[in-house]
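Engineer: Mind looking over this structure? Questions follow.
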Amino acid sequence: MNSCSSSRQLRNYCNFLTLGKLVKKEQEVCTRDGSVDRHGDPAIRGRTGTWFAGILILVNQGLATLAFFGVGVNLVLFLTRVLGQDNADAANNVSKWTGTVYIFSLLGAFLSDSYWGRYKTCAIFQAIFVTGLVLLSLSSYLFLLKPRGCGDERSPCGSHSTYQNVFFYFSIYLVALGNGGYQPNIATFGADQFDEEDPKEGRSKIAFFSYFYLALNLGSLFSNTILGYFEDRGLWALGFWASAGSAFLALVLFLIGTPRYRHFTPKGNPLSRCCQVIVAATRKWKVQRMPNQDDDQFESDVPNDRSKIRDRKILHTQGFRFLDRAAIITSKDYTENRIHDPWRVCTVTQVEEFKCILRLLPIWLCTILYSVVFTQMASLFVEQGADMETTISKFHIPPASMSSFDILSVAAFIFIYRRVLDPLVARIRKDPKGLTELQRMGIGLVIAIIAMVSAGIVELFRLKYARKDCPSCESASSLSILWQIPQYVLIGASEVFMYVGQLEFFNGQAPDGLKSFGSALCMTSISLGNYVSSLLVTVVMKISTRDEMPGWIPGNLNKGHLDRFYFLLAVLTTADLVVYIICARWYKYIRFERQQEADSILSNEEADLRV
């Protein structure tokens, strides 16, 4: 009997040691940022995520960007040459369509953060994107491009029925819906594949955003050159089918990676969570005692009901102290048993989520004026180039093609920053992180100012060599268009610091339940930059047009002062930089509670064995 008892105890002890090793091993290979696999279990580091999933998403982004710009880059020409619209109506329709894309980005971010999760949202909206492109290709091939061979610069197409026009607009707005809902989620979903709590994967996550922006630019480069060339020659159906094929291939590659992706479970409606904080804090506005310690505030340790692990908690920060009242537990909350009523008592994490949004907004507002500068590359830079000497050794350079120098600059400066500048700064500062996201965004603003000064100086020399007495000349100035290269290169360099830093910043500083919303802020910044640029041009023309003065930006640039507009943008961006520095110094970074559950799990298993 004693021998059997001793053998049983020995087996139990051996089982305990084996289980303890297995638990420790499991904790070593699991991610620590709260990500899960497709089954909702904690993600295993060696089986999910990292660069296998990241590369699939990068290729997916490049192909999807190629498909989208294969439609968008020449849409205004399609409306004028195929549908017979005049320039004003076509430009207005393209603006509405582009604005709709950014509006749908907010919808995609909301559905992703609240209900569907990023993987499901990306898959659904990509399917819509492909459907829209296929319908656009079919409509163009079957009844829009009539008679055959029409649609180029010399052969406009005939009239179309109301049904055909409705079918066309339905298809392109499906494209807008699909791309808009997909874009803010794919960058965040790619970042989800790297555990920021792990030093090695944390560095890979930072690198991912640079490569993501590079993939976006490379896809845009191909569509702007190859597809743009075919579409300009009237081969619209071929260009649209190529876009549809590219989008379909992107969707297939995305689905191939399904078993390897890491996920973050959606946290529910963020609007209701923010409203709960406001209501709970307002109800306790008479509470005098404000907590100075985290222990005085309510926090929940209940796991997420959609996954099997506990959500990361956000540590309490100073600032917006009125909102801290929402997390205070009063005696009335105890007596009336309302501790778990979110409209009366909120968790510290919930309050800090709302604080994060409030802190992000000033930084986001400062990025809008940069987007105004960035917008000039597709508008005034092109108009300026069109009035310069575009023939180099009998070779004609289309003014719009100068944006290729911007894309090449982005590729070059991503390499320079990742391989040269960032390691150098890290070595000098003895900080492995190098420059912070806010510092890089500030550098982007500085380079943007230099770019506007460069563009203004080029315009001064363009006016100096203007052919004012030669209205029949093909170019309005003898200054070569190649002098625009510095301003395009500078804009590209500023993008690497501003937009890549912006993606990293909003992704890293947005709470876990609002990551896609953070990426959507980047897209809305570009959208608002377009609107502010249009408003600024209107105001400048209204003020500068007097009597016989045609204004700064007239139809004939030789009679205007585009240089003054560029210098005005440089001054405004300088003022924006000052405000940005103030906001950046005021900003407080979000701090997550590190999850260290290995010891607790092991102790629980030990207790179970002892029982």
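Cβ atoms here come from the backbone N, Cα and C positions, even for glycine.
What TrEMBL shows for this protein is this:
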- 51-79: transmembrane segment (TRANSMEM)
- 100-117: transmembrane segment (TRANSMEM)
- 123-144: transmembrane segment (TRANSMEM)
- 208-230: transmembrane segment (TRANSMEM)
- 236-257: transmembrane segment (TRANSMEM)
- 360-382: transmembrane segment (TRANSMEM)
- 402-421: transmembrane segment (TRANSMEM)
- 442-461: transmembrane segment (TRANSMEM)
- 481-500: transmembrane segment (TRANSMEM)
- 521-545: transmembrane segment (TRANSMEM)
- 565-587: transmembrane segment (TRANSMEM)
Engineer: The transmembrane segment (208-230) and the transmembrane segment (565-587): do they have three or more Cβ pairs under 8 Å, with pairs 6 or more apart in sequence?
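Structural biologist: They are not in contact.
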Engineer: Which range wins on Cβ pairs under 8 Å with the transmembrane segment (481-500): 51-79, 100-117, 123-144, 208-230, 360-382?
Structural biologist: 360-382
Engineer: Do we see three or more Cβ pairs under 8 Å linking the transmembrane segment (402-421) and the transmembrane segment (208-230), pairs being at least 6 apart in sequence?
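Structural biologist: Between the transmembrane segment (208-230) and the transmembrane segment (402-421), which are separate recorded stretches, there is contact, as judged by 3 or more close Cβ pairs.
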Engineer: Could you tell me what the rest of the chain brings near the transmembrane segment (360-382), counting residues at least six beyond its ends with Cβ under 8 Å?
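Structural biologist: For the transmembrane segment (360-382), the list is 399-400, 402-403, 406, 438, 441, 444-445, 448, 451-452, 455, 484, 487-488, 491, 494-495, 498, 502, 505-506, 509-510, 518, 521-522, 525-526, 528-530, 532-533, 536, 553, 562, 565-566, 569, 572-573, 576, 579-580, 583-584, 586-587.
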Engineer: If contact means at least 3 Cβ pairs within less than 8 Å, sequence distance 6 or more, would you call the transmembrane segment (521-545) and the transmembrane segment (100-117) in contact?
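Structural biologist: The transmembrane segment (100-117) and the transmembrane segment (521-545): touching, yes.
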Engineer: Sequence-remote contacts (6 or more beyond its ends) of the transmembrane segment (100-117), Cβ cut-off under 8 Å?
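Structural biologist: Counting only partners 6 or more residues beyond its ends, the transmembrane segment (100-117) has Cβ contacts under 8 Å with 124-125, 173, 176-177, 179-185, 188, 263-270, 513-517, 519-520, 523-524, 526-527.
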Engineer: For the transmembrane segment (208-230), which stretch among 51-79, 123-144, 236-257 has the most Cβ pairs under 8 A?
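Structural biologist: Stretch with maximum Cβ contacts: 51-79.
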